[in-house]
Amino acid sequence: MFLVPLLAALSLSAPKVAAHGGVLAYSLAGTWYNGFVPYNTPTGQSTIQREWDTYNPITDPTDASISCNINGASLGSAQKSATVAAGSSVTAYWNQWPHTIGPVMVYMANCGGDCTTATTSSLEWFKINQVGLVSGTLTSGTWGMGQLVANNNSWTTSIPSSLAAGNYILRHELLAIHTSNQPQFYPECAQLIVTGGEGATPPASYLVKLPGAYSMSDPGVNIDIYSHETETNYTIPGPAVWQG
């Protein structure tokens, strides 16, 4: 029932929105938060999600926008942050998602202070969840992205229970690889205030910059799945998952 008002708003926006999709809302430990509405002015919008302007993909893994999507700016005084305890579940909801081939990745970054003033490309990101090729082959197997679609265009993960309290940005990313050697990155960011935890922080080996974590030389980025139809292995790009 929560989706109806926002879906109605999205239906009034530009025709481009018919392609691809994006995160329209979050559920954090059972509390619902509407996201930013793209193709609309940020004036009057107040949300935990960082601004993003288009459903179009980022196709260059070194693009400056890859941390939090095209624009990716905070909403200034209208920007919110959701308070959530370490160990809580987080669900992101996409309004639509047509692609089923590719990995789903979830990152976080400690802002070291108020995230509203943070520059996301300067943060150090760590991965808390990823699902790539679950079973089968590259072209006909089950992918994380396929699981997202099957689960009503949603993805649920948990904030590491040991994570130190603080101000964080949560980043969901879909990497669509259905077009040969033309990766499509779809990142979305939201601001959190994490409470509780056990004071743990990921070691340096788990931290990356965005851009900086990916390149076209990565086998999981620059890939032609149709030339390897019987392949049953896929290497998810980026760092290993930090589980706390």
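Placement of Cβ uses the backbone N, Cα and C atoms for every residue, glycine included.
Database features, via Swiss-Prot:
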- 1-19: signal peptide (SIGNAL)
- His20, His99, Tyr186: Cu(2+) binding site (BINDING)
- Tyr39, Asp224, Tyr226, Glu229: (1,4-beta-D-glucosyl)n binding site (BINDING)
- Cys68-Cys189: disulfide bond (DISULFID)
- Cys111-Cys115: disulfide bond (DISULFID)
- Asn152: N-linked glycosylation site (CARBOHYD)
- His178, Gln184: O2 binding site (BINDING)
- Asn233: N-linked glycosylation site (CARBOHYD)
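Around Glu229 ((1,4-beta-D-glucosyl)n binding site), taking its Cβ as the centre, 10 other Cβ atoms fall within 10 Å, counting all chains. Separation of the C-alpha atoms of Asn233 (N-linked glycosylation site) and Asp224 ((1,4-beta-D-glucosyl)n binding site): 13 Å, rounded to the nearest whole number.
By a simple count of nearby Cβ atoms, those within 10 Å, the most crowded of the recorded positions Asn152, Gln184, Asn233 is Gln184. The recorded positions shown are His20, His99, Cys111, Tyr186; of these, the one with its CA atom nearest the CA of Cys68 (disulfide bond) is Tyr186. Among the recorded positions listed here, namely Cys111, Asn152, Glu229, Asn152 has its C-alpha nearest to that of His99 (Cu(2+) binding site). The secondary structure of Tyr186 (Cu(2+) binding site), as reduced to three states from DSSP, is extended strand. The shortest Cα-Cα distance from Glu229 ((1,4-beta-D-glucosyl)n binding site) to any of the recorded positions (Asn152, Gln184, Cys189) is found for Gln184.
Excluding the listed site residues His20, His99, Tyr186, the same chain places Gly21, Tyr55, Pro57, Trp97, Pro98, Leu174, Ala176, Gln184 with Cβ atoms within 8 Å of the centre of the Cu(2+) site Cβ atoms. Across the annotated binding residues for (1,4-beta-D-glucosyl)n (Tyr39, Asp224, Tyr226, Glu229), the two most widely spaced Cα atoms sit 37 Å apart.
Long-range Cβ proximity for Cys189 (disulfide bond), meaning a same-chain Cβ under 8 A and a gap of 6 or more residues, is found for Gln49, Arg50, Trp52, Ser67, Cys68, Asn69, Gly72, Thr120, Ile169, Leu170, Arg171, His172. Under the three-state DSSP scheme, Asp224 ((1,4-beta-D-glucosyl)n binding site) falls in the coil class. Considering only the recorded positions His20, Cys111, Cys115, Asn152, Tyr186, no residue lies within 10 A of His178 (O2 binding site) on a C-alpha to C-alpha basis.
Cα separation, Tyr39 ((1,4-beta-D-glucosyl)n binding site) to His20 (Cu(2+) binding site), rounded: 14 Å. The Cβ neighbour count for Tyr39 ((1,4-beta-D-glucosyl)n binding site), using a 10 Å radius over every protein chain in view, is 15.
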